[in-house]
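In what follows, a single structure is set out as structure tokens and then discussed.
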Amino acid sequence: MSVTIPFYFYLPDKFDASHGFSGKTNAWACSFFVHVGLYGTAIAYTVTSAISMRAIQKSNCYHREGHEAACEYSDTYYMLIFGAVQLILSQAPDFHNIQSLSVIAAVMSFAYSFIGFGLGVAKVIGNGFVMGSFSGVSTTTSIEKMWLVAQALGDIAFAYPYSLILIEIQDTLKSPPPANQTMKKASTMSIITTTIFYLFCGGFGYAAFGDNTPGNLLTGFGFYEPYWLIDLANAFIVIHLVGGYQVYSQPIFAHFEKWICEKFPENGFLNNEFFLKPPLMPAFRWNPLRLCFRTVYVVSVTAIAMSFPYFNQVLGVIGGVIFWPLTIYFPVEMYFKQMNIEAWTRKWVMLRVFSYVCFIVSTFGLVGSIQGIISAKLS
């Protein structure tokens with residue numbers, strides 16, 4: 001690259017794409033938000049996996065002791081287990097090249113989504129009527145209602161994090177057909193599919209429980225039986241997120257290590273690879289830089305997750321931070337540049353208004369989610 005930039009702005013695919021259309025300043029900002037999003041997603045996955053592992057233990061406890069039993073367990077232990085697993089997986093030098101990872105993640109995602117949807121439908125049928133109302137969850141004050149709406153918007157924003165790794169995925173596609181055409185079709189299909197699942201799961205969950213709908217249908221224990229199916233769904237979530245953690249973390253690993261190795265090409269500590277052959281195990285390559293940086297990364301993610309183990313609020317904060325810049329603002333700005341859209345034309349005005357409205361909504365969701373974390377921390 002012709003420009004020397006600090007690491008926290010160094011994400012080559014995003015930097016090159018944004019720099020080509022929007023200038024160096026916007027490219028730096030885009031790369032910064034991408035890194036924040038990738039790091040934040042790792043935190044969210046740590047929290048979610050721990051909650052799902054705890055839910056398996058609680059489900060089994062309720063099945064043994066009864067639904068009124070005091071089956072309370074801490075998330076901390078499970079976050080440490082999840083972090084330990086990620087410490088090991090993060091040391092794999094070519095983990096990001098395992099294509100089966102995406103397939104496994106997709107299968108797990110469909111599996112637990114179908115289970116959640118099916119349990120919601122079964123609950124509605126069992127109740128014999130639809131719970132809830134068009135106005136949503138009841139609250140004692142309008143301020144409380146406003147904060148819940150804001151947190152919900154933040155969660156919705158986090159539900160579409162594909163923009164973080166979209167360009168990296170596109171770079172792996174073979175031509176012909178052109179990668180951008182393939183990616184457009186894949187993006188459209190994935191957005192439609194996930195939106196349908198979100199609406200069905202969320203809608204039937206609310207129809208099943210009304211004001212008592214948990215933030216996570218599979219871990220909030222609106223469902224107790226069949227306990228084995230709830231355990232299976234939560235196991236699918238954990239398996240999905242174990243791989244998903246690596247999908248979102250490997251770009252940070254690769255780009256930091258590439259940046260620092262290019263900055264100090266003669267440093268043996270940073271560049272040398274060593275082979276280790278433990279007894280009864282295959283030999284593997286390790287690198288001091290990879291060992292140190294990735295260990296610090298996983299430890300820091302786990303520590304933050306343990307400090308803020310609040311599922312919906314954490315997702316809302318991350319969604320509020322990354323949704324507008326990465327999904328709306330930068331794509332719109334690049335579209336203006338690429339298509340030579342003149343200022344004050346109808347399309348220019350419509351897209352500008354769209355971007356401003358999304359900014360307001362994202363900010364509202366971010367503020368509400370931060371308020372939710374503060375309230376949860378102080379309660």
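Just so you know, glycine gets a Cβ as well, placed from its N, Cα and C.
Residues annotated as domain 'Amino acid transporter transmembrane' in TrEMBL: 23-374. The transmembrane segment annotation in TrEMBL covers 26-48, 103-126, 146-167, 188-207, 227-248, 291-308, 314-332, 353-374.
Beyond the transmembrane segment (103-126), the same-chain residues lying 6 or more positions past its ends with a Cβ under 8 Å from any Cβ of the stretch are 197, 200-201, 204-205, 207-209, 217-218, 222-223, 229-230, 232-234, 236-237, 239-240, 243-244, 247. If you look at the transmembrane segment (353-374) against the transmembrane segment (227-248), you find fewer than three C-beta pairs under 8 angstroms, all six or more positions apart, and that falls short of contact. Proximity of the transmembrane segment (188-207) to the transmembrane segment (227-248) is not established, fewer than 3 Cβ-Cβ distances being under 8 Å for residue pairs spaced 6 or more apart. Long-range contacts of the transmembrane segment (146-167) within its own chain (CB-CB distance under 8 A, at least 6 residues past either end) are made by residues 13-14, 17, 34, 37-38, 41, 44, 136-137, 139, 183, 187, 190-191, 194, 198, 247-248, 251, 312-313, 315-320, 322-323, 326-327, 331, 361-362, 364-369, 371-372, 375.
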